[in-house]
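Under the heading domain 'Metallo-beta-lactamase', TrEMBL lists B:31-225. Here TrEMBL flags B:GLY59, B:ASP61, B:ASP452 as Ca(2+) binding site. Taken from TrEMBL, the feature Zn(2+) binding site covers B:HIS84, B:HIS86, B:ASP88, B:HIS89, B:HIS151, B:ASP173, B:HIS399. Annotated active site, proton donor per TrEMBL: B:ASP205, in sequence order. Residues or ranges marked as substrate binding site in TrEMBL: B:ALA242, B:SER243, B:HIS244, B:HIS373, B:VAL374, B:SER375, B:GLY376, B:HIS377. Annotation source TrEMBL lists active site, proton acceptor at B:HIS377.
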2 protein chains.
Amino acid sequence: MSHPHPELGPPPPLPADGLRIVPLGGLGEIGRNMAVFEFGGRLLVIDCGVLFPEPDQPGVDLILPDFDYIRGRLDDIEALVLTHAHEDHIGAVPYLLRERRDIPIVGSRLTLGLVDVKLSEHRLQAVKVEVAENERRRFGPFDCEFIAVNHSIPDALAVAIRTPAGLVLHTGDFKMDQLPLDGRLTDLGAFARLGAEGVDLLMSDSTNAEVPGFVTSEREIAPVIDEIFRTAEKRIIVACFASHVHRVQQIMDAAQRHGRKVALIGRSMVRNMGVARDLGYLKVPPGLLVDSREVEELPPESVVLICTGSQGEPMAALSRMANRDHPIRIAAGDTVLLASSLVPGNESAVNKVINGLSRWGARVVHRGNARVHVSGHAASGELLYVLNLTKPSNFMPIHGEWRHLRAHAKLASLTGVPEENIVIAEDGVVVDLVDGRARIVGAVPCGYVFVDGTSVGDITDVALKDRRILGDEGFISIVVVVDSTTGKLAGGPEITARGSGIEPEAFDAVIPQIEQALHEAAASGVTDPTQLRRTVRRTVGRWVHETYRRRPMIIPVVIEV
Amino acid sequence: MSHPHPELGPPPPLPADGLRIVPLGGLGEIGRNMAVFEFGGRLLVIDCGVLFPEPDQPGVDLILPDFDYIRGRLDDIEALVLTHAHEDHIGAVPYLLRERRDIPIVGSRLTLGLVDVKLSEHRLQAVKVEVAENERRRFGPFDCEFIAVNHSIPDALAVAIRTPAGLVLHTGDFKMDQLPLDGRLTDLGAFARLGAEGVDLLMSDSTNAEVPGFVTSEREIAPVIDEIFRTAEKRIIVACFASHVHRVQQIMDAAQRHGRKVALIGRSMVRNMGVARDLGYLKVPPGLLVDSREVEELPPESVVLICTGSQGEPMAALSRMANRDHPIRIAAGDTVLLASSLVPGNESAVNKVINGLSRWGARVVHRGNARVHVSGHAASGELLYVLNLTKPSNFMPIHGEWRHLRAHAKLASLTGVPEENIVIAEDGVVVDLVDGRARIVGAVPCGYVFVDGTSVGDITDVALKDRRILGDEGFISIVVVVDSTTGKLAGGPEITARGSGIEPEAFDAVIPQIEQALHEAAASGVTDPTQLRRTVRRTVGRWVHETYRRRPMIIPVVIEV
């Protein structure tokens, strides 16, 4: 992935009247969304999110966009515009600010509120520029107009960027719930107005481009939740995303109707809902909330817990309840509601949680057996509306894996965007808008940047490959001490193995072979440690493969004394 | 999982007129199905399958049922009855036969044919007893009646087992396609007849107990396949299970109608379809099949490839095509059809394949966007029919995870089986049928038995835990050579690390700390290698955690000279 279109070379210089767009994340994957716009030597960045690792990226905490492309030009950045406050759009902001602290951060009130608490955890402070829908603000050469869009977090924005090169509409993430809980609709009127003015390039959310039809309204979950509350015998435990203010609002409203108290569990849930409440996005009926410790004192039938862990995260409260490793002891009569999507990659973990809860007798309600979740992303029916309203001259699908980008490109083609004006790019691919035409002109290196513990970027593909081998096969380390002048064995072989599935005693069989090989090496005058290591590796590798048909990592260590 | 109901002790002796049932796999998981029946000191085994590993069982090839419970009593086994030839029902047969070669293997013609080729690959030969539906055969005290059931492989059987303790009906895996391609229906008449006679215990397939309604007929895939063939521009590549004879038949029929030649790709596909053809279960039109090498010579629009790899297996042809690592170079105009289920745990792998194929421009058709697959397992609507027809006195859901077993138990309860006569067991739980009543009476140890390379059972939970740590964090090995009398450092510290994400130079910072710690130990007279290892581990562990917030495995090696 470091250079996605291998046939693409570095881009040519950008013409003076051209706009350059370089996605540094979010194209070819779902997550770490980030796009860099360049005009007249100045930069505008849209979003700066994180990607969560796949099973073949073991031990990685987060994956960041690759800042390499802008690292030498941080002072050229006029602003970082955040379309909304989901992790895959804001999660990497602290890492970017570490490189330049005073990049102005532009976003809606809730977005900035949630970014703020995140930054303060990293001991960072933002230079904030609050904007709202229908507002127009200039950042250097970038004349930005903000447009309300509906999504699974309140206060999301699309942004139209006008430069002398043309008008680009970036939708951010959106859907088109026509009966949203907060009454704030995706502003199709604005999309139509921009369409009439002339959209030179539409960049639109592809996440659900493969899904036929339309996303159901968030409102339609309410009767399902009510029915669950009506039939719940004991505790109700709801797991959902810590940013889904409207989902939490629906649960709180149901709790209020059914005479139950609510406790919030999980650091990010407590933190985000505090911000949402303070800023007026979450309405909490007086007396509804109780402390999570009080909950254990209350009768089970008068309690609702709202927690994180809907993705099966092993350390979250929900997983620990499923494993009976939590003060809340799940029992027959309890109802657990997973009111969230199932993020690809988490299927096994969530299945484990559902089985664990089922085993202890809980009723588990999830999107597989009840309509307790609706997606936050426009399905293909909605995407067609946006394409038809904005009538873009050029189209570039964003925010999706290849399957989603291709599906969205096909929708654009069906609405009449000429094939040659549809640009399917992936991370690092450079797209120039020049003379009203968007074209791929080259690519810049754009790798995965892994966060592991406190370090950023130390974990390389080599380290991950080593981890995969170690994780699958374990290792065998063989230490020998040799006399540096004669090459003769002076200590060892000392064998240590982990994860190899070979019992310590079994190595007794290979030790004479190692001794013999070293003896022969010494006899023929070999004293070079590199050659001795190779001898040891070959001897042990052959033995393991012949005896066990396995290929653990073999680590020979030769110490000269 | 080694002792699933921790409160259960070893079972009491089995009363003389009682039947004992011990599931050694398939309850609490989907796979490695195996159940042991005991009456009058004799044993009957139903199925002997494998389970495929989860992501948290790295490097494991297969998981077997735990034969420990029967290992001392192999000579008591009257027969091994195989309900059908899926891997999760026959995959462990070679491993059981290694323990006793002449266990009679009972099954239908196709089942035995497919077992036979598997055994010959293990250089084993079976003592075979071919049976067919409507046949009744006695194996020691077990009077077995075989009943036709419809499933995603032809020639599947349910088995009714009569002993003086009562009549047990074991459905095997089944569904109830009312228009099956081969006209062989699940024999509801036999189920009704047994119900009239009195079923003392029903053991029924729970895989789809959570799924509402009924499974669509296999026949309904045909028009979808036809439409795909009609609109395919170039090559058609179909991936499905290597045992799904009827699915392959449908593809071959479509190829014939559309004037395309067919090549089979993948060892198990070629092998199994050869058996199915030889035994008359697969009808291959003359001249349809071509060799996989000939395919590359033919024009793309006259070719169909049928291959394995529908689960994203990295070494299978399909994954290699997605990665452009295969002679077949996927290009725009090619159509790839994933005509199979998505086995839980394989979601990420399959998604990678779909994205890879999409990237190269292929149209990818799968169960997510077209009806190209129907399940092989009865959904809840069908399960209710079986419960109502057989009217069991006792019910024991089998073949499923906890969520499925619980859902199936609920269905049984709805049809009138008294709650107290519904037995939810998991692997190793002992169920006795005595005086017409099934009860859990204890549990026997029943762990996972891992196959890795040529070895069976060498991989323990400890090794897997080590692999998980190594896979997530890597390791750091520190070798020191000490003088055995003074404890003073005589060589090293030599540090080797893999997968830790720490650059080799970075260890320069900790080496003086190790030297200092060892110096202090020597000064206070410590020469014991165990204590010295602990000193080294503590020093390095603290440094890594403080510097990087990571916890790689730390392996101190102390060599005395």
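Here the Cβ of each residue, glycine as well, is placed from N, Cα and C on the backbone.
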What binding-site residues among B:GLY59, B:VAL374, B:HIS377, B:HIS399, B:ASP452 are found with a C-alpha within 10 angstroms of that of B:ASP205 (active site, proton donor)?
B:HIS377, B:HIS399
Count, for each of the binding-site residues B:SER243, B:SER375, the other C-beta atoms lying within 10 angstroms of its own C-beta, and report the residue with the smallest count.
B:SER375
Close in space, distant in sequence - B:HIS84 (Zn(2+) binding site), Cβ under 8 Å, 6 or more apart:
B:ILE90, B:GLY107, B:SER108, B:THR111, B:HIS151, B:ILE153, B:ASP155, B:ALA156, B:LEU157, B:GLY172, B:ASP173
Check each of the binding-site residues B:GLY59, B:ASP88, B:SER375, B:ASP452 and report back the ones whose Cβ is under 8 Å from some Cβ of chain A.
B:GLY59, B:ASP452
Taking only the Cα atoms, work out how far B:HIS86 (Zn(2+) binding site) lies from B:SER243 (substrate binding site), in Å, as a whole number.
7
I'd like the number of other C-beta atoms within 10 A of the C-beta of B:ASP88 (Zn(2+) binding site), please.
24
Looking at the binding-site residues B:HIS89, B:HIS399, B:ASP452, which has the shortest Cα distance to B:HIS377 (substrate binding site)?
B:HIS399
Across the domain 'Metallo-beta-lactamase' (B:31-225), what does the pLDDT come to on average, as a whole number?
96
For B:HIS89 (Zn(2+) binding site), what residues in its own chain, 6 or more apart in sequence, show a Cβ-Cβ distance under 8 Å?
B:ASN33, B:ASP47, B:CYS48, B:GLY49, B:LEU82, B:THR83, B:GLY172, B:ASP173
Hey, how far is B:VAL374 (substrate binding site) from B:ASP452 (Ca(2+) binding site), Cα to Cα, in Å?
32
Which residues does B:HIS373 (substrate binding site) neighbour through Cβ under 8 Å, counting only same-chain ones at least six apart?
B:ILE221, B:LEU338, B:ALA339, B:SER340, B:SER341, B:ARG367
When distances run from the Cα of B:ASP452 (Ca(2+) binding site) to each of the binding-site residues B:ASP88, B:SER375, B:HIS399, the nearest one:
B:ASP88
In terms of DSSP three-state secondary structure, what is the assignment for B:HIS89 (Zn(2+) binding site)?
helix
Cα-Cα separation of B:GLY59 (Ca(2+) binding site) and B:ASP88 (Zn(2+) binding site), in Å?
19
